[in-house]
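The ATP binding site feature in Swiss-Prot is assigned to Gly10, Pro11, Ala12, Ser13, Ser14, Gly15, Lys16, Ser17, Thr18.
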Amino acid sequence: MKKIQIAIDGPASSGKSTVAKIIARNLDLIYLDTGAMYRVATFVALQKETDDAKEIIEFIEKNPISFMNGQKGQEVLMGSENVTEVIRTNEVTNTVSKISAMTEIREFMVAEQQRIAKNGGIIMDGRDIGTVVLPKADLKIFLVASVDERAERRYKENLSKGIPTDLERLKIEISERDRKDSTRAISPLKQAEDAILLDSTGKTINEIVQFIEDKAKELM
């Protein structure tokens, strides 16, 4: 069986991570959460109150990002510290576009992601996987959904974690995040020419997963 690379790109809260994790489990692939890696860098920036890319990178090099399967699914570590929950706060969410747009940060993260992915058998999701990180991925999906649907998903997710959230505020934040991600100078959010456009509005997670798995199995 061929060890393929799957790239899933799309805007914030379009369901990329949820879908990628399920597919990774079903098809026995490694799931590399690229968004979490940039969130870790953002968390470091906020903790250290710095926007110096070199300082952020040096700290992460001393406390490498890694992933492990925990009781509630995949957990994110920075060195020995479990940062799974703290990198999902609204403060991190609203700052991650700024940090991830830094050239030095992106180059560092892309090199790390490519190193992990080079042997295949991997699925990655993010903003520029199919265009920058894995331009030769076997299967590329560009997953989108309406702002209202994405806000509703994030709202329910935050409530389930006990995070106080205002739905209308979320809609504004997601729209602004879309604008930032699509217009930034470095690796803007855009669909790769050879990616399959998949609109998840009104679709269940199972329907999305099944569609992508069927495409993947044709290549394996």
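Including glycine, each Cβ sits where the backbone N, Cα and C put it.
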Practice problem: Would you count the other C-beta atoms found within 10 angstroms of the C-beta of Ser14 (ATP binding site) for me? | Solution: 26
Exercise. Note the Cβ centroid of Gly10, Pro11, Ala12, Ser13, Ser14, Gly15, Lys16, Ser17, Thr18, the recorded ATP site, then list each other residue of that chain whose Cβ lies within 8 Å of it, in sequence.
Key: Val19, Asp125, Leu143, Ala145, Arg150
Quiz item: For Lys16 (ATP binding site), what is the tally of other C-beta atoms lying within 10 angstroms of its C-beta?
Solution: 26
Self-check item: Intrachain C-beta neighbours of Thr18 (ATP binding site), sequence separation six or more, cut-off 8 angstroms
Solution: Ile205
Quiz item: When the number of other CB atoms within 10 A of each residue's CB is tallied over all shown chains, which of the binding-site residues Gly10, Ala12 has the maximum?
Solution: Gly10
Quiz item: Reduced to three states, what secondary structure does DSSP give Gly10 (ATP binding site)?
Solution: coil
